[in-house]
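Below is one structure, written out as structure tokens, with a few remarks after it.
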Amino acid sequence: MSIISDIYAREVLDSRGNPTVEVELYTEAGAMGRGIVPSGASTGEHEAVELRDGDKSRFMGKGVTKAVDNVNNIIAKEIIGYDVTDQRAIDQAMIDLDGTPNKGKLGANAILGVSLAAARAAADELGQPLYNYLGGFNGHVLPTPMMNVINGGKHANNKVDFQEFMIMPVGAKSVTEAIRMGSETFHNLKNLLNEKGYSTAVGDEGGFAPDLKNNEEPFEILVEAIKNAGYVPGKDVAIAFDCASSEFYNADTKKYELVGDGKEYTAEEFVSLLESIVDKYPVVSIEDPLDENEWEDWQMATERLGKKVQLVGDDLFVTNTDYLAKGIKMGVGNSILIKLNQIGTLTETVEAVEMAKQAGYTAVISHRSGETEDTTIADLVVALNAGQIKTGSMSRGERIAKYNQLMRIEDQLGKTSEYKGIHSFYNLDEDARMAIVNK
């Protein structure tokens, strides 16, 4: 047995300069693991609770000293003495200690910090890379990246309502090549925006946040940038986007209010708008196309779009197996976005990925807009053979850290590694995948 001997938490900063929780966990044998917790800007209302102090005299109320104290004074007393390799028991003990359905007592940020630190300490104790510890000998699939290169919505101050416009190097032969293709497209996009007189300042996730005219212009510019980089839109590099529709949905009027277009849409009209975009551009994935509480509208959208493109539930599912099970039963979406801090433990995260796979849904392992230098998600996506990762643009150190880790892992795995590209979309049939590639 490898016994946990000490746990210590502190307040550090995320990529937005806001406080977050960092946890260090030690074993009797001298192993150590560190976990830093991310945070989101647009959050689903059903997410696990991120405990903040609310003291306006510190960090404008965003301090996390309560969560830190909960680790040091409550969680540590319970978890010290556990076998560090017994991840499921450690996570369950913290869930029981909290005793609430949304981790509102101790804070998901406190619990997740310990969960991540325990996994890293166990890997350190065993002398294994984290992806190898989490996935065993089977973890070998490098993910197709979703690279957020144009920001809108809550991630930027501009007229674009949709939150993220992403490129996916589906035609690459390896993740290293995919990252190169993404970088080249990113830099060609920057040159193109400069030529058009747009700002090339970047948003929270490292993508550009130009003040574009409407919600369609980003697609036009992305296609041009992909071509300028020497690639074929669709065949080499496809497009994904995140509507984050709950952010512009009016629950009283049941309308989607797009400021960039100066229009309001019913659910049916909005899905028709999305259909027109899918028909016109090489789109492979749409995230949160409808409001997180409108399940029947999601059903309608899935019937109309689910055979053509990946439909990812983020705010809809919030990495929660209860919501995912409901979605699977109703035939809602065909993919889940996996964010560790939405649910709060590594164990529950893995359970959500497994449930998705068993139902034929893809699982996209994701960062948050408030990120850190922690690279756990890069190891996790390989460990689980999830096949897709969403971890920001080709700028900002906290995003690049994940890409660098993926390239290290691919290098370590050597010839046993696999990059699936367009075939990572196993939720679409071959005809749908080829339609995107040949668009």
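A Cβ is built for glycine as well, from the same backbone N, Cα and C atoms used for every other residue.
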Same (2R)-2-phosphoglycerate site per Swiss-Prot - residue from LYS190, LYS307, LYS308, LYS390 joining GLN163, LYS339, ARG368, SER369: LYS390
Per Swiss-Prot, member of ASP236, ASP242, ASP252, ASP261 binding Mg(2+) alongside GLU287, ASP314: ASP242
Sequence-distant neighbours of GLU287 (Mg(2+) binding site) in its chain (C-beta under 8 A, six or more apart): GLU164, ALA240, PHE241, ASP242, CYS243, ALA244, VAL312, GLY313, ASP314, LEU337
Integer Cα-Cα distance in angstrom, GLU205 (active site, proton donor) to SER369 ((2R)-2-phosphoglycerate binding site): 6
Neighbour-count leader, CB within 10 A, binding-site residues: LYS339, ARG368, LYS390: LYS390
All-chain count of other Cβ atoms within 10 Å of ASP242 (Mg(2+) binding site): 28
DSSP three-state assignment (helix, strand or coil) for GLU205 (active site, proton donor): coil
